[in-house]
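> Per TrEMBL, the features are:
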BINDING   GLU17, GLU50, HIS53, GLU94, GLN127  Fe cation binding site
DOMAIN    1-145  domain 'Ferritin-like diiron'
Amino acid sequence: MISQEMASRINAQINREMYSANFYLALSAQAEAMSLRGVAAWFFAKHGEELEHAMKMYRYLIDQDAVVRIGDVAAPEAVEPSVIEMFERTLSHERGVTANINDLVDHALSEKDHATNIFLHWFVTEQIEEEATVNDILGRVRLFGDQGQSLMLIDNELADVAKQIGQAQDTTAA
Ligand code: OFO
């Protein structure tokens, strides 16, 4: 059993993870509209990952006999049809999520809630990986540009990465 305050903070994070899922779905739709199938598939795969994050927290609250509260999820802002801007927005979004996760860890530590602290470690590690991945994509898009052949190469590469994420998600679900 965890404290009501801790549960309420995790419920707020479930809401933010669901927002993240919609944020990525909106980016995927924007990429589809630009005929960028690989970019769209990558954002769609991220959408699936964010839902998994929300469900991990949902399951944790249930296992801890805490109340799950599903609230309204804010609509993502409109996205400009620019691949650089889409990845810049992604990086700044993920940095915000990292700060949210760190706040949750700080709170778990302040309550000496060891179970929640350990549970959150997975998310701390995940955020390092997510920021690094987006930083890497953004670095290359900035270097080579987001037009013409460079864009085609990045689109193809992201299609492959999305396939791998999809396969990993299938394995986790199995
Ligand atoms: Fe849930 O990790 Fe990204 O936002």
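Cβ from N, Cα, C; glycine included.
All annotation found in TrEMBL is predicted automatically rather than curated by experts.
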> In the domain 'Ferritin-like diiron' (1-145), how many residues does DSSP put in helix, strand and coil?
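Secondary-structure breakdown of the domain 'Ferritin-like diiron' (1-145): 116 helix, 0 strand, 29 coil.
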> CB neighbours of GLU17 (Fe cation binding site) within 10 A?
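Around GLU17 (Fe cation binding site), other Cβ atoms within 10 Å: 23.
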> Could you tell me the mean pLDDT over the domain 'Ferritin-like diiron' (1-145), as a whole number?
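That region's mean pLDDT is 97.
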> Measure the Cβ-based neighbour count of HIS53 (Fe cation binding site), defined as the other Cβ atoms within 10 Å of its Cβ.
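Excluding its own Cβ, the number within 10 Å is 22.
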> So which other residues, same chain and not among GLU17, GLU50, HIS53, GLU94, GLN127, have a Cβ within 8 Å of the centroid of the Cβ atoms at the Fe cation site?
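Checked against the 8 Å cutoff, the neighbours are ARG16, SER20, GLU49, VAL97, PHE123, GLU126, GLU130.
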